[in-house]
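Note sheet for the following structure.
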């Protein structure tokens, strides 16, 4: 469950909004989990954007 | 031994009077006290602001009427280049570092910055760099750098030795910024008083921490690219020379990989400052503190993915244009979160409008205008029309003058009582705000129209149809500049003759720096206090803590 919570925390950080209650839970997360989640989600974000713009510009 | 305990141990061979207040010029030359170094940074930044402002007025004097009045085009280009470099590296960045030096230890309960001697070196590297840029480079054959603050190749690979001096100055200022950032990061991570946890830390500390990471990430990139220019100029490389197999567009990619996060290096500390002033004068806690922290992190991460929106006209494939366009637009989301949170903080607050609050509200309104024109420019199809026009000049001055500068004024007025023990003149403070607000808009708002009508930036002459708005902008610029002398006079007079300030002159101020005497003792928190802290650094209770 912890990796999923880390993913949720990083996703919330992407948006910039987080409930105070959820943020209290985030404080118990391990730093390594957060870094791993951030790297995965940034890669997915860039990959997703690339897929989107490739699809839009496809002949 | 905790980090705080070890920080409080006297250095080897320290004399018993180590903590006495030093006197004379040595106090400043050999300064290791964070307050002294903070003051040095702030005075340096203000003097650079005046120099950069005089260069801006030289530009506006030339543009008052069409035709060449005062300066030859080459000198005009030197003015625009040095104005940008000095304002970015000499005024705004050192001013935020100065505020961080002054206030961070007080806000988190640290005895000083973590590396006090490195702190001294960080500051004293700046004056030689400023001398290289300002005095020496104008005097050398060929004059100062004239390639714009971006120093694009191939212009920068062709100029006289003024460019070499500029490159050297950038290296020195980069080293200074990196050392300052290391100090900020280590201080925040290791020297917080017990009870001051990360997710309760003041927003200014969060903003300074994230900004410091950004600086460490991107200043070496700038140093690298200007070194590549240097080797192209003198050592036979062809990084940016198409004839030798290089590519001038490579310069732009590397520069803007530094340049866009640099925008946030100048904006995030402003967000931090405003996140204290708005709650103080609304007499309410900051709305959505956690969101503010997350939004700041989000902005910092996204700032690395948008650099090529500065280069839409270089002939990028449509796929790349769309990628950078969408990524840029997404930054508006966390920035919008912040603006909504500031408004949410003011909502139903018991607001009062002292000078810091006026500047903070002015910041929100005008920064939002700059943000909106930024979103407009992020649309590749529009940007291609507006690239290198005065619309861009208007946009980034709304972001940097109304954003960074207004927040700096807000911060200086807000913390002036704590720094000096005296109150500034509220009348002249408010006058300074309304004067600046009026003439700032008179100067820069017409530039939107000039840009939309097609007036290019960085030209000393223009077509007749642009005359009216240019004349208006020049009058506005001179009046705006005059207003800053009011600020200077107010500060100088209040330093000596202002009425004594209370320990907590602002009713709603609840962070740690307001819990100690005014002016702040020369050696504050030599023994760390035990704190009970709420969000945004709100102090619920403080036990212990010694100063002398």
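A Cβ is built for glycine as well, from the same backbone N, Cα and C atoms used for every other residue.
Look at TrEMBL and you will find B:28-532 tagged as domain 'Cytochrome oxidase subunit I profile'.
Note on the transmembrane segment (B:40-62): residues 28, 31, 68-71, 76, 79-80, 82-83, 86-87, 90-92, 94-95, 97-99, 101-102, 123, 126-127, 130, 134, 405, 412, 443, 460, 473-474, 477-478, 481, 484, 488 of its chain, located 6 or more positions outside it, place their CB under 8 angstroms from a CB of the stretch. Residues or ranges marked as transmembrane segment in TrEMBL: B:40-62 (among others).
The transmembrane segment annotation in TrEMBL covers B:82-104 (among others). Within its own chain, the transmembrane segment (B:82-104) is flanked in space by residues 34-35, 37-42, 44-46, 48-49, 51-52, 55-56, 59, 110, 113, 119, 122, 126, 129-130, 133-134, 137-138, 144-145, 148-149, 166, 169-170, 173, 177, 180, 184, 187-188, 204-205, 208, 211, 262, 265-266, 269-270, 273, 400, 404-405, 408, 411, 415, 419, 513, which lie at least six positions past its ends and keep a Cβ under 8 Å from the stretch.
Sequence annotations record features per position, and here TrEMBL assigns transmembrane segment to B:125-147 (among others). A Cβ distance under 8 Å defines the sequence-distant neighbours of the transmembrane segment (B:125-147), meaning residues of its chain 6+ beyond its ends; these are 41, 44, 48, 51, 74-75, 77-78, 81-82, 85-86, 89-90, 94, 155-156, 159-163, 165-166, 168-170, 172-173, 175-176, 179.
Annotation source TrEMBL lists transmembrane segment at B:167-191 (among others).
Positions annotated as transmembrane segment by TrEMBL: B:203-230 (among others). Within the chain carrying the transmembrane segment (B:203-230), a Cβ under 8 angstroms from the stretch's Cβ atoms is held by residues 96, 99-100, 103-104, 107-108, 151, 153, 156-157, 163-164, 167, 170-171, 174, 177-178, 180-182, 184-185, 188-189, 237, 239-240, 251, 254-255, 257-258, 261-262, 264-265, 268-273, 275-276, 286, 289, 292-293, 296-297, 300, 303-304, 536-537, all 6 or more beyond its ends.
Sequence-distant contacts of the transmembrane segment (B:250-274), counting only residues of its own chain at least 6 positions beyond either end whose CB sits under 8 Å from a CB of the stretch, comprise 88, 92-93, 96, 99-100, 150-153, 156, 202-208, 210-211, 214-215, 217-219, 221-222, 224-225, 228-229, 239-240, 292, 296, 299-300, 303-304, 306-311, 314, 338, 342, 360, 363-364, 367, 396, 399-400, 403-404, 406-408, 410-411, 414. The transmembrane segment annotation in TrEMBL covers B:250-274 (among others).
Sequence-remote contacts of a segment are chain residues at least 6 beyond its ends whose Cβ falls under 8 Å from one of its Cβ atoms, and for the transmembrane segment (B:286-308) they are 199, 203, 206-207, 210, 213-214, 217, 253, 256-257, 259-261, 263-264, 268, 271-272, 275-276, 278-279, 316, 320, 324, 327-328, 330-331, 333-335, 337-338, 340-342, 344-345, 347, 535-536. The transmembrane segment annotation in TrEMBL covers B:286-308 (among others).
Outside the transmembrane segment (B:320-337), and at least 6 residues removed from its termini, the chain residues within Cβ reach (under 8 Å) are 288, 291-292, 294-296, 298-299, 302-303, 305-309, 312, 371, 374-375, 378-380. The annotation transmembrane segment is assigned in TrEMBL to B:320-337 (among others).
TrEMBL lists B:358-382 (among others) with the feature transmembrane segment.
For the transmembrane segment (B:394-416), the residues of the chain that approach it from at least six positions outside its boundaries are 42, 49, 87, 92, 95-96, 99, 102-103, 263, 266-267, 269-271, 273-274, 276-277, 280, 354-357, 359-360, 362-363, 365-367, 369-371, 373-374, 377, 422-424, 429, 432-433, 436, 440, 443-445, 447-448, 450-451, 487, 491, 494, 506, 513, judged by C-beta separation under 8 angstroms. The annotation transmembrane segment is assigned in TrEMBL to B:394-416 (among others).
Sequence annotations record features per position, and here TrEMBL assigns transmembrane segment to B:428-449 (among others).
As annotated by TrEMBL, transmembrane segment applies to B:469-489 (among others). Long-range contacts of the transmembrane segment (B:469-489) within the same chain: residues 46, 49-50, 53-54, 56-57, 60-61, 63-66, 409, 428, 431-432, 435-436, 438-444, 446-447, 449-450, 455, 462, each at least 6 residues beyond the stretch ends and with a Cβ under 8 Å from a Cβ of the stretch.
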For this session: Sort out the residues at least 6 away from either end of the transmembrane segment (B:428-449), same chain, that have Cβ-Cβ distances under 8 Å to it, and list them.
Result: 60, 354-355, 358-359, 362, 366, 373, 390-391, 393-394, 397-398, 401-402, 406, 409, 413, 469-470, 472-473, 475-477, 479-480, 483-484, 486-487, 489-490
